[in-house]
Amino acid sequence: MGMGTYSGENDRETTERAIRTALKMGYRHFDTAKIYGSEPAVGNALRRAIHDGLVEREDIHVTSKLWSSDHHDPLSALHQTLKKLGMEYIDMYLVHWPVSLKPWVDYPVPREEDFETLDMENTWSGMERCLEMGLCKSIGVSNFSSRKIEELIDFACVTPVVNQVEMHPMWRQKKLRSICGDYGIHVSAYSPLGGPGNAWGTTAVVDHPIIQSIALKHNATPAQVALRWGLSQGSSVIVKSFNPRRMKENIGALDLTLDDWDLFEIEKMEERKIMRAEYLVNDTTSPFKTIEELWDEEI
């Protein structure tokens, strides 16, 4: 189970304190990205914990991501990430989105004039160079559809290790998990609770009657049921909370076991994608003219 570190409102001190608390609870995977603005706090908290003997570097897993304005030079972007983290390497480096933006775009929602043509073959070659130089232990992608995975496989020398995507009981990603499984690509779930803490998120997953019923049956919380479902599918889950009570609740999902009936009931839940990223679609400058093109009909 990983800890996400994206937060629109939390300051560096709050983030560092939350990471230290998480380490004491048993979290060992920390997920950050250039666009999150949390790399300095993540690095500082982890370096301090290593210095204090709370954890060894080899025991933690740090993921960061190539932002869309850096597709032209992943190597330089990763050097900047390492500088912010104060680390010699990270464990996983992901292409954040299959979208290229102009070099100065350092905000998450691009304007119409910000888009560039994506040369994914060149981007992936840069990612492979990062791996060759030992700046990261593995490389992967995020927000890639089944088709985009297959297109990448066609020219990649190194197969991505991970595809990090939205996945939860109301967006189960069955086709994508099957395609990724064919290529030995691990699927990591972001927003495994439906992103209730985000502006675009919803409580629909944890409020769903089926999730509530299963939680009651096991004397667990709805969040624990949703997280355990993700883990039961062979995926890792990235949870984002800086609230110590919720952090403890989330990691408690590791102690829960869902039976076949529970999994069967969850399969009945209606599906809808929550993180749709409509802001990456436009009629003029984006390579994606419709939301269906962005997700290759997996929407």
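Keep in mind that glycine also has a Cβ here, set from the backbone N, Cα and C atoms.
Note: TrEMBL annotation is automatic and uncurated.
Sequence annotations record features per position, and here TrEMBL assigns domain 'NADP-dependent oxidoreductase' to 3-269.
The active site, proton donor annotation in TrEMBL covers Tyr36. Annotation for Tyr36 (active site, proton donor): spatial neighbours Thr5, Tyr6, Ser7, criterion Cβ-Cβ under 8 Å with sequence separation of six or more.
The site 'Lowers pKa of active site Tyr' annotation in TrEMBL covers Lys65.
The substrate binding site annotation in TrEMBL covers His96.
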Rank the recorded positions Lys65, His96 by how many other Cβ atoms lie within 10 Å of each Cβ and give me the one with the fewest.
His96
On the 0 to 100 pLDDT scale, where does the domain 'NADP-dependent oxidoreductase' (3-269) sit on average?
95
Which whole-number value in Å describes the distance between the Cα atoms of Lys65 (site 'Lowers pKa of active site Tyr') and His96 (substrate binding site)?
5
